[in-house]
Structures are given as C-alpha cells and as structure tokens.
Amino acid sequence: MRVVLGVSAGIAAYKACELLRLFTESGHEVRVVPTRDALRFVGEPTWAALSGHPVTVDVWDGVHEVPHVRLGQQADLVVVAPATADVLAKAAHGLAGDLLTTTLLTARCPVVFAPAMHTEMWEHPATVANVATLRERGSIVIDPAVGRLTGVDTGPGRLPDPAEIFEICRTVMAGRPRDLEGRKVVVSAGGTREALDPVRFLGNRSSGLQGYALARTAVARGAEVTLVAANVSLPDPAGAKVVRVESALELREAVLTASADADAVVMAAAVADFRPAVRRESKIKKRDGEPEPIELVKNPDILAELGERRRAARQAAGVGSVPGPGASSGVGAPPYVIVGFAAETDDVLANGQAKLARKGCDLLVVNQVGEGLAFGTPDNAATVLVAGGSPVEVPRGPKEDLADTVWGLVAARLV
Ligand code: CTP
C-alpha cells in the first residue's frame, strides 16, 4: 500500500522513525512528508534513507510533478505522527501552506492523526474543537497516551507506542468497519493476582494478548474503549483508556465503574475464583520447613454479577429478562451486550452452553485449552456461543481475527 507519513514538529518525531520502519518492513511504500520545523528534530537524510525516497517539505520542490496533489491523491493511507496542535489546527481549518497540509487536503483515503503535545495544549478548547472537527469529517484521531512528557511533567500528551499506531493503521488499511462509532466498550484483560503477603501472590498465566487485541480492534472500529488491565506487560493500545488493577476485587470495582454507561463489556481477563482469606502484612516465614495451609475465600463472579444486574434492570423496566436477539441498545440498563470467555478442556460446547446460560451473557467465547493455543501465543481458535443463536467457529488465526468476530457480533446486537 502507498502510505504518506506526515511528521510535524514535536520531540516525538524520533519515534516516527520506528513507525516508518514498521511500515517499510511489512512491504508498504512510504513517502515521508515532514513539516519544515519537524526537520529540526529529525533531519531530511534520515527520512530519505529510511524510506528510500526523496523528502521535501514544501510545494515548490519538483513542481513539474505536482507533488502537493499527487501524493495525497495516490495515497492509500495518510498518517501524521506526531501530530502537533498546530498541524491539527491547520488540518481542521483546511490551511494549505506546505506539502503536508496540501497532501491532507487532497487525500481521499483514510487519515490517521497521532497527536503528541503537552497536556495543556491537548486539553485547550481550541485543540479539543479541532479534534472534534477532524473526527466529524471521518479522520481517526488517536487519543495520546498518558505518561511522562518532555520535561518533568506527566499527563495525557505522549505519542503512543509506534507499534500501537502501526496496528491501528494496519486495521484501518484492512478496511475494518467503523461499526462501533459512538459506542463505549469495556474490555478486561490479563490475569488477577491475589496477594498472600507483600511479596507473594496466587496468579495465572494469562498474558493479556487477547484482551489487548480486543481493545485495539474496538478502537479501530470506532469505539471509546476502557481497558481494565490486570498485570499485563504489553504496551498500551493506542486510543484506549487503560485502568490498571491487580486483584479480582480491584478488577470488579474498575469494570463495574466503567460499565455503568457502557454499551458492551467483554470479560477477557482470567479472574481468580478464590483469594487468600487473609493478606499478611509481613512476609510469611518458613516454620521449620513445614508448609502453612492457605485458607481461601470465594471471589465475586464479575461476569455473573453484570448479567444479574442487567437482568434485574430489564425486569424492572418490564422488558424481556433473557438475553437474546432482543438485547438491543437502550433496553434496560447498560451494558447492553455482555461477553464472557471460558477455557474448557472437556465437553467444550456443552460446558460452554451451560456457562453462557448460568452467567447470563449474550456471547461466550469458548477456548479449548491445550494444543499450544490460547495462553501467551499470538494465535487463537475458538467457538463463539451466541445466546439465542447459532455458534460461530473462528479458525486458528491472529487474536485480532477472533476479536473482530466478537465485535461484529456485538455490533449486530447493538443495532
Ligand atoms: N469471571 C469473572 N469473575 C470471576 C471468575 C471469572 O468475571 N470471579 C469471568 C471471566 O472473565 C471469564 C469467565 O468469567 O469471562 C470465565 O469463567 P470461568 O472462570 O471459566 O467460569 P467458572 O464459572 O469459574 O467455571 P468453571 O466451573 O469452569 O471454573
């Protein structure tokens, strides 16, 4: 595909080198169009060498080739990373003073902006309005990441990880539908840790890869995403709001809070069913080599609680209490669609169907565990059980494929 990588004048311009490499290494043809001031951060020779193409900043170079029209017209994707407050303002108002802004005006392909700036600039009403204008026109503006900025200050404004920007661009180029536009979704990911003492915990092997793929694909499909991440060491998915938790009780709190006004909740996290009855304040010591028994108590079942709350709200509203094809947006109380995950070793479908009914969810993604599938691998294969519908088989493939199947089914139930 032909990609135009616009680079504006932010310190994060150096990270765009990595983004450029990700595009070229996966076979895309990239033309880099920096703004003049962006070259103060990363020079023209770097962009030319990394992209294998000449680099110019204004419309007066190579005029006979009409680059200000041609680059935009021929592009399959334009991505601006980092996008400064200045370039967002120019794009929102249709200014066309240099090659990047003229390219943005002539492009008819998807346009992705990855803003990076200080928090004050990002939150200024002028920037907020410019971002809203660009989004209304169909551009994708990725929310900046939260974290350390150029100086000692922290807040929203960091350029998301280049791999995350690349993933969004990849999904945009793959032609994902924007069927979650205007929807709020919550995804839980990772595995909970139940503390025994200040240094030890009971945990599980969940890597968070499937939950993160769900969050990323939901962002790409236009949703406002809250990702509740339990002990995951993966880069934040660009554009998602990440809430970090450790234990099942913390995860419950975060999921219930975020789902109060959400359209859909996907519980991809592996939640511990039990936790130690006491969390010792001091490290547990060996007692003459004798193991100390650990007493466990039950954790709340968050998925079942979401289903039960919704059932009660629907009953109170006098609408059907059973999830099914009638579970559409606006009926009862949020969340309107609830999705669970289940790892099964035996009688996969029968156990899955029973769990779907028991937990009151609309969709249940059933994984057969073992065979090198699921935990920690980039691939997954699953059956999605549908309340009131036929199961959908998802053959072995990238976790994004399973995520897309789930969101397609969720979007259909939100119509
Ligand atoms: N889940 C949850 N709260 C828990 C445990 C699990 O919300 N305390 C959610 C998981 O996020 C996942 C689904 O429930 O979506 C997985 O259920 P599972 O743990 O397999 O269900 P159980 O009822 O514990 O089934 P089993 O009897 O097979 O252990």
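A Cβ is built for glycine as well, from the same backbone N, Cα and C atoms used for every other residue.
The shown structure was predicted, so the numbers you read here are calculated from the model rather than taken from an experiment.
Listed in TrEMBL:
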{"type": "DOMAIN", "residues": "1-167", "note": "domain 'Flavoprotein'"}
{"type": "REGION", "residues": "1-184", "note": "region 'Phosphopantothenoylcysteine decarboxylase'"}
{"type": "DOMAIN", "residues": "180-314", "note": "domain 'DNA/pantothenate metabolism flavoprotein C-terminal'"}
{"type": "REGION", "residues": "185-415", "note": "region 'Phosphopantothenate--cysteine ligase'"}
{"type": "BINDING", "residues": "ASP273, LYS283, PRO300, ASP301, ILE302, LEU303, PHE341, LYS355, LYS359", "note": "CTP binding site"}
{"type": "DOMAIN", "residues": "337-411", "note": "domain 'DNA/pantothenate metabolism flavoprotein C-terminal'"}
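Known features from TrEMBL, placed on the structure.
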residue : record           : Cβ neighbours (10 Å)
ASP273  : CTP binding site : 13
PRO300  : CTP binding site : 14
ILE302  : CTP binding site : 25
PHE341  : CTP binding site : 26
LYS359  : CTP binding site : 20
Restricted to the domain 'Flavoprotein' (1-167), the mean pLDDT of the model is 92
Pairwise CA distances across ASP273, LYS283, PRO300, ASP301, ILE302, LEU303, PHE341, LYS355, LYS359 (listed as binding CTP) top out, in Å, at 38
PHE341 (CTP binding site) falls, by three-state DSSP, under strand
What DSSP reports for the domain 'DNA/pantothenate metabolism flavoprotein C-terminal' (180-314) is 39 helix, 38 strand, 58 coil
